[in-house]
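Visitor: To start, I am sharing the structure in question, which I have written as structure tokens.
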């Protein structure tokens, strides 16, 4: 079957500006959250990615009027109807699990296919289920392809998450906004996207306090009205372009950034010796290789993002000694390593830690196993000698708006082909 590949002829110096898109990890939760509104919602600043289109079509399956126009989405829920959500759309998208919390909150019942997305080893939704049960829901998991969640009544509860989970924190918030009484989430995730979803729900009349801290309190309300809301910029897309600029950029400017959200990466760039200039909502970066070797350990926010450990890896081949990258969040998130070896990389992985030594990369045929691995391979291709061909690029399009066009505009020799 014909498929699209991305091809890159490495060695070009990039310069120019990129406008960072709205946050994928906010958008994929805020779009399901619109079904909690009773009326009309307008979202602005959405990323133009396939995940957004999939979620909009799931809203339409619930008889919601939804109009997606570029970065804007208008939603009218006045004729909403509960329906079982089929598996073919749901399984392509992990964040479809936010439909569970939103539908449980709105209808007290949902039947939904089991979610998919990037294969990153164990990513169970047990903390989500724990939260739903605490609010009074019963879960029927007898089917292998779908899950039925139902509650006679949703009542506020005190919920302690056994592990910090962005998905569970948001999903419990969605289910709890209409619950009677107060819900308290302890050990809640503090990510900016959690705050963004809470701010959106608050804009519709929800009563949520403490988002961005480890304790979130939700007082249930009777009704959520419509709202207009602007999604925050994507800190992972910003971080990825920061890595691209540090690898092969000369005076690359990134606009629409919240500097606080990329502080950990900026600090790591200082250790590496990357030339970074931060002003208000823009960052200017120059390649300043060779870099200093560093150690990186991923942690929950505000620590170093697991989503950036793959994109930063190609930079470490340009360092003056061995670097170590440990992923404490997803210790199996190293499928890019074998692909980088095809390009001549001196890299080994053992028990969740990669050892990365200075290397000269050459073009090769490589396979994007997941979204951020794909970003890593693009950056590797940009600094490699010769032509790199990346297969399975659908993962890349799930998370990066027009990345090929953006890189072309910066001067990269990059194109797509159907093979």
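Including glycine, each Cβ sits where the backbone N, Cα and C put it.
Copying in the features that Swiss-Prot gives for the protein in this structure:
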- 118: active site, proton donor (ACT_SITE)
- 24, 25: phosphoenolpyruvate binding site (BINDING)
- 94, 123, 124, 125, 126, 127, 307, 329: UDP-N-acetyl-alpha-D-glucosamine binding site (BINDING)
- 118: 2-(S-cysteinyl)pyruvic acid O-phosphothioketal (MOD_RES)
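What's the neighbourhood like for each of these?
Guide: Residue 24 (phosphoenolpyruvate binding site) falls within a helical segment according to DSSP. Long-range Cβ contacts of residue 24 (phosphoenolpyruvate binding site) within its own chain (separation 6+, distance under 8 Å): 47, 49, 51, 234, 236, 237, 399.
Annotation note: residue 94 (UDP-N-acetyl-alpha-D-glucosamine binding site) sits in a helical segment as assigned by DSSP.
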Visitor: Rounded to the nearest angstrom, how far is the Cα of residue 25 (phosphoenolpyruvate binding site) from the Cα of residue 127 (UDP-N-acetyl-alpha-D-glucosamine binding site)?
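Guide: Cα-Cα distance, residue 127 (UDP-N-acetyl-alpha-D-glucosamine binding site) to residue 25 (phosphoenolpyruvate binding site): 18 Å.
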Visitor: Long-range neighbours only, meaning 6 or more apart in sequence with Cβ under 8 Å: which ones does residue 25 (phosphoenolpyruvate binding site) have?
Guide: 95, 166, 191, 193, 234, 236
Visitor: Counting other Cβ atoms within 10 Å of each Cβ, which of the binding-site residues 126, 307 scores lowest?
Guide: 126
Visitor: So for residue 127 (UDP-N-acetyl-alpha-D-glucosamine binding site), how many other CB atoms are inside 10 Å of its CB?
Guide: 20
